[in-house]
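Record features (TrEMBL):
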- His15, Asp18, His150: Zn(2+) binding site (BINDING)
Amino acid sequence: MSDLPARRLLLVHAHPDDESINNGATMAKYAAEGAQVTLVTCTLGEEGEVIPPHLARLASDRDDALGPYREVELVEAMKQLGVTDHRFLGGPGRFRDSGMMGVEQNDREGALWATEIDEAAGHLVEVIREVRPQVLVTYDPNGGYGHPDHIQTHRVAMRAADLAAEPDFRPELGDPWEIAKVYWNRVPRSVAIEGFARLREALAEPRGLPFTKIASVIDIPGVVDDWIVTTEIDGSAFASAKAAAMRAHATQIAVAEPFFALSNELAQPLFTTEYYELVRGRREGGGRETDLFEGVEGNVSATGRNGTGL
Ligand SMILES: [Zn+2]
């Protein structure tokens, strides 16, 4: 285990693109600092809508070829963020995109939504015991905005965090590992409101933004009252890496910095400071944390701050 970097961050997401939208700046920052950044994506995003007209054939109701295409987009996005460890839960295509809430794809065999939590979590336990992350980032219980795959990803990630620490749970998957800190993705309401004000101003100017319609605060996943946010990561030095990673997901995202739109064509702000709620683990001091590993490195030092002895 001595070759593991001292700081190890695990992010668990539903589809390719979610990581870049939610955590792109955070991932680029920690990767640049030499931390181990591991991304686990639960599905290939096969049911996503396709933005570029010339790629429309990829959609699931036509050639159903979007999954492998998004795999390649994710590879390029990770290159932009400097992240080398990205995996699909159980391997590429093991769990399928469940579509939006209420569609028949929800219950299809192999859909993430139709999978037993512990079955899916077992695959993540294996990753956790291998990588031994001190920090886990995922969604809130509503998946940020109610998409079945995002809700299920939350459940799988939280369950896997528990099971990984359980010595009796499938010991063949590795030695038990307890994750010190667990975070949910958040956006403070004031930041979202301010971002839309900026966007409305920009749209009013003749600066050629490729958007005509605008989203609203309720369209942003994970928006909460400011006091709920415990942690903010200033990734502004990695703004261009984040935008490039989002741009790599071209079937899903249209980017015009510092704004973007998904397939609904509703423009929204692109945040380069990313926000989190610490839901498990100790928080030092009263103000917002500015580092996901705050308080962790002290613990790490007991067994070797520089990665020796881990
Ligand atoms: Zn998603």
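Our numbering is plain: 1 for the first residue shown, then up by one each step along the chain.
Using N, Cα and C of the backbone, Cβ positions are placed for all residues, glycine too.
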Handout entry: Neighbour count (Cβ, 10 Å) for His150 (Zn(2+) binding site)
Key = 25
Handout entry: Zn(2+) site, defined by His15, Asp18, His150: further same-chain residues with Cβ within 8 Å of the Cβ centre
Key = His13, Ala14, Asp17, Cys42, Thr43, Gly45, Tyr139, Gly143, His147, Asp149, Thr153
Exercise for the section: For His150 (Zn(2+) binding site), name the DSSP secondary structure in the helix/strand/coil scheme. Expected result: helix
